[in-house]
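*Asks:* If you look up TrEMBL, you'll see 29-48, 68-85, 92-117, 129-148, 221-242, 262-286, 307-327, 333-353, 365-385 marked as transmembrane segment.
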Amino acid sequence: MVLSLCFLGTFPALLTLLERRGRLPQHTYLDYSITNFLAAVIIAFTLGEVGKSSDASPNFIQQLSQDNWPSVMFAMAGGVALSLGNLSSQYAWAFVGLSVTEVLICSIIVVIGSTLNYFLDNKINKAEILFPGVACFVIAVCLGSAVHSSNTADNKAKLNSLSANSDKELKPIDVAGFPSRVESTDPENADGSLRKAEAGTADFLVQLENRRSIKVFGKGTVIGLCLTFFAGVSLSLFSPAFNLATNDQWHTLKKGVPHLAVYTAFFYFSASCFVIAIVLNIIFLYRPLLNLPKTTFKAYLNDWNGRGWAFLAGFLCGFGNGLEFMGGQAAGYAAADSVQAFPLVSTFWGVVLFGEYRRSSRRTYVLLVSMLFMFTAAVGILMASSGHRKP
């Protein structure tokens, strides 16, 4: 679960880095999806084949031919929920910021997902500890929304005060009338001008907007928050669906058919996630969202700018999810949701790599610290609720 936390906290930073460098999110997500599925295949053919196979505990290959389709469908439904949630998150990071987006999403995941998992797991987690932790996540959601609003106000103030004596490539900006797109050179080959401005300044914000692929100036904050909450609700369903796939609490399997092993369920889970991601992003190549430029499948194949980072992000997410499910099968899926602490890792990368919240107001800093404190407390309480699944 600790490894899962680190992996899941790092992959969003890599995807955000590529978007800020101008790589189209459709290209990035297609690359990411390939290695995300490959991670599940590796887990299935290694850990899924370890140990002696038997009728009661079959290995991965043996389970592929068994009549376990009800559980397979639950696993695949979880994969669809994960794919839609991660796809929405990729766009939400641009509007709301990596730090706040991840805290909001993960808090929603815990509030909905952990509650469902508690009842699905036959209440093996300590309710008197679990639900106060869930309440702390609710408070973290409220604080996260406040941080986003405060930071947006700070950025507007910075842009309004942008000096007319700025660098020649920059112009004073009327935030209220800022166009939906900023004229710039080819974003795929943007130069390093972003480094000329100090993080947190108005010049930095304008240079970032010129370079990034998803243009956010002039768009309402409601778009970002709607994307964030949709992602949170979608992602809150994948863990309960996976729980049903591996433990068959609703008794959908025929008598004598063994439950899906974690590794087999994760394979089906990732396969459906992969298919949905590929289909949607190929559509988005030609019918992009949020006024992004159109592209083609051929252009995607030829786009090697940052492809290695996208592949790495897919591996990190794939292995992170696999490790989370292994922990959930052992200690209860409600307690395994403690890996949703990964926004603490994402916030570190957001501040260090992307200069988020630099030169913000004292109010924003107070709200940010309060949000992270409440989030940390909630995760600790959630981990303390761990139980032990009976064989």
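For all residues, glycine too, the Cβ spot is worked out from N, Cα and C.
Small disclaimer: the values here were computed from a predicted structure and weren't measured.
Could you place the listed features in the three-dimensional structure?
*Replies:* Sequence-distant neighbours of the transmembrane segment (29-48) (same chain, 6+ residues past either end, Cβ-Cβ under 8 Å): 11, 15, 59-60, 83, 87, 90, 261, 263-264, 266-267, 269-271, 273-274, 277-278, 281-282, 300, 307, 310-315, 317-319, 322.
Within the same chain, residues 33, 105, 230-235, 237-242, 244-246, 248, 252-253, 257-260, 265-266, 268-274, 276-277, 280, 321 sit at least 6 positions outside the transmembrane segment (68-85) and bring their C-beta atoms closer than 8 Å to a C-beta of that stretch.
Away from its own ends, the transmembrane segment (92-117) comes close to residues 9, 12-13, 15-16, 19, 85, 130-131, 133-134, 137-138, 140-141, 144-145, 147-148, 151, 212, 214, 216, 219, 221, 223-225, 227-229, 231-233, 235-240, 243, 328, 332-334, 337, 340-343, 346-347, 349-351, 354, 356-357, 368, 371-372, 375, 378, 382 of its chain (Cβ-Cβ under 8 Å, at least six residues beyond either end).
Outside the transmembrane segment (129-148) by six or more residues, the chain places 96-97, 99-100, 103-104, 106-108, 110-111, 114-115, 118, 221, 224-225, 334-335, 364, 367-368, 370-371, 374-375, 377-382, 384-385 with a CB less than 8 A from a CB of the stretch.
Listed as Cβ neighbours of the transmembrane segment (262-286) (distance under 8 Å, sequence separation of 6 or more from its ends, same chain) are residues 26, 29-30, 32-34, 36-37, 39-41, 43-44, 47-48, 60, 63-64, 71-72, 75-80, 82-84, 86-87, 238, 242, 245-246, 292, 294-297, 299-300, 318, 321-322, 325-326, 329.
Beyond the transmembrane segment (307-327), the same-chain residues lying 6 or more positions past its ends with a Cβ under 8 Å from any Cβ of the stretch are 1, 3-8, 10-12, 14-15, 17-18, 23, 27-29, 31-40, 43, 82, 86, 239, 242, 246, 262-263, 265-266, 270, 335-336, 339, 342.
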*Asks:* In the same chain, which residue numbers or ranges, 6 or more beyond the ends of the transmembrane segment (221-242), come under 8 angstroms Cβ to Cβ?
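*Replies:* Distal contacts: 74-75, 77-79, 81-82, 84-86, 88-89, 91-92, 94-96, 101, 104-113, 116-117, 120, 145, 148-149, 152, 265-266, 269, 290, 324-325, 328, 333, 336-337.
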